[in-house]
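Enquirer: Below, the features straight out of TrEMBL:
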TRANSMEM  29-50  transmembrane segment
DOMAIN    30-435  domain 'Ammonium transporter AmtB-like'
TRANSMEM  62-80  transmembrane segment
TRANSMEM  116-137  transmembrane segment
TRANSMEM  149-170  transmembrane segment
TRANSMEM  176-200  transmembrane segment
TRANSMEM  221-239  transmembrane segment
TRANSMEM  251-272  transmembrane segment
TRANSMEM  279-296  transmembrane segment
TRANSMEM  302-323  transmembrane segment
TRANSMEM  335-356  transmembrane segment
TRANSMEM  391-412  transmembrane segment
REGION    453-484  region 'Disordered'
COMPBIAS  461-476  compositional bias 'Basic and acidic residues'
Amino acid sequence: MVNITYDASGSIIYTDDSGTQSVYQNGDIAWTLAGTALVFIMIPGLGYFYSGLLRRKNALSMIYMSVMTIAVVSFQWFFWGYSLAFSETGSAYIGNLKYFGMKGVAAAPSIGSARIPALVFAVYQLMFAAITPMLALGAVSERGRLGPCIAFVFIWSTLVYDPIACWTWNSNGWSFVLGGLDFAGGSPVHISSGSAALAISIYLGKRRGYGTERLAYKPHNTSYVILGTVLLWFGWFGFNGGSALSANLRAAMACVVTNLAASVGGLTWMLWDYRIERKWSAVGFCSGAIAGLVAITPGSGFVGAPAAVLFGVMAGTICNFATQLKFVFGYDDTLDIFASHAVGGVVGNVLTGLFAQASVAGFDGITIIPGGWLDHHYIQLGYQLADSVAALSYSFVMTTIILWLMHFIPFLRMRGSEDAEIVGLDEYDMGEFAYDYVGLEQEIGHDIETKMSEGMTTGGREPHHEHHHNVDENSLEKGLGSPA
């Protein structure tokens, strides 16, 4: 039995087997659980954001992928993920199986903070583990196979996310011991997912028609892009603010700088785009807001509001220009995940090394750090760079190894067929559509009247979708490059 009592104020008192007592404030638990829900909503938000940026025939695949990822990682986290990342008896690189199957994860103080029990910390950190592979899976869009992604998420979470989370946030982790500052996931979440997206993009190769007008399409649903951005921005208050693991002044400051960096990042990116297009781009604004959110993530518990403005400007500028890297190096990163998340994460880590302040970290009344360059602690930048380079290179190499091992197991091969690309992942892999048949003729050039006549010849029964795959490719090409 878990030995729980309450004091006069209603706070929880946990007594372990040795008689040691821990006191938990209900407000701290409530805020962390609220943060859990906030981060959860970011994951389908990301699905909508990605979906809106794609062509209509692939719109459903990313929304599906977001909920699939939540489910797979939830099982993986229960099975061994939490233990590999956060067991107190693990190594500097990865944990052990002390908490296999969540055994013994209950009311004892968590490794993240003695102010909340381990069970609360475990479910909060689950949401970080779940959103990270989903960030990377945007690279599969329009040309991957959805089935193997299920296995990929489980394997990638185990071999890439859990070790990086361990070395960043576990008290035994080498980066943590070294003195690296990462409040909410610059390296474990953003750099690791952005690097993985680059590895996936290179492995999958270019989409059909890359470099031609056929792929010069506009996002099919800008409303989805804005909806996804709003859900991400909304959830990021739990992502960064919740990382204080307590309802205190430091959590409030994290929320302030998060919102400010997102706002400035969105305006900056949009202005950079305006100089070329002379249009006020909603997609540009949303891209910049997310770049600002990515950059402020590692620094959100360490920097003040004036620095947050610079985080937003730098992220909105550098990530915007980083989207051109794919043209320089010739890889097809469909959704610019490397530019937004890996580059944005490195920008955030470096700026944290420069602008981290001991006074801001101390807003919780407990945390003591030497600070960054603002506090004349110059070696901090070296720690941040070491952590960034390690996460970027480890994730890229390990993701590439995973993809190639899966490549030689036919049913796990991630690259989809040419037919799948032509018809779209929604039709080919799912047999379902985001919008049923609305706009399908424009998207793949199929004659809907023929479809209806076929239905009549089958006695009104719906013919199997498979006939799309046999349509003459020339007729399919007509709609591929059309603005949706």
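In case you wondered, yes, glycine gets a Cβ from its N, Cα and C as well.
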Enquirer: Any residues 6+ beyond the ends of the transmembrane segment (221-239) with a Cβ under 8 Å from its own?
Expert: 34-42, 44-53, 56, 59, 128, 184-185, 255, 258-259, 262, 282-283, 286, 289-290, 293, 297, 484
Enquirer: Hey, which bits of the same chain come close to the transmembrane segment (176-200), Cβ under 8 Å, at least six residues off its ends?
Expert: 92, 128, 131-133, 135-140, 144, 156, 160-161, 164-165, 167-170, 239-240, 243, 254, 294, 297-302, 331, 333, 335, 337-346, 348-349, 352-353, 356, 369-370, 372, 379-380, 383-384, 386-388, 390-396, 399-400, 403, 414
Enquirer: Counting CB pairs under 8 Å, which listed stretch among 29-50, 149-170, 251-272, 335-356, 391-412 touches the transmembrane segment (302-323) the most?
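Expert: So the stretch in question is 251-272.
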Enquirer: Over the domain 'Ammonium transporter AmtB-like' (30-435), work out the mean pLDDT and round it to an integer.
Expert: 94
Enquirer: What stretch in 62-80, 116-137, 251-272, 335-356, 391-412 has the biggest tally of Cβ pairs under 8 Å against the transmembrane segment (149-170)?
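Expert: Stretch with maximum Cβ contacts: 391-412.
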Enquirer: For the transmembrane segment (116-137), which recorded stretch in the set 29-50, 62-80, 335-356, 391-412 gives the largest number of Cβ pairs separated by under 8 Å?
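Expert: So the stretch in question is 29-50.
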Enquirer: Take the C-beta pairs under 8 A between the transmembrane segment (62-80) and each of 29-50, 335-356, 391-412. Which stretch has the highest count?
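Expert: Ranked by Cβ pairs under 8 Å, first place goes to 29-50.
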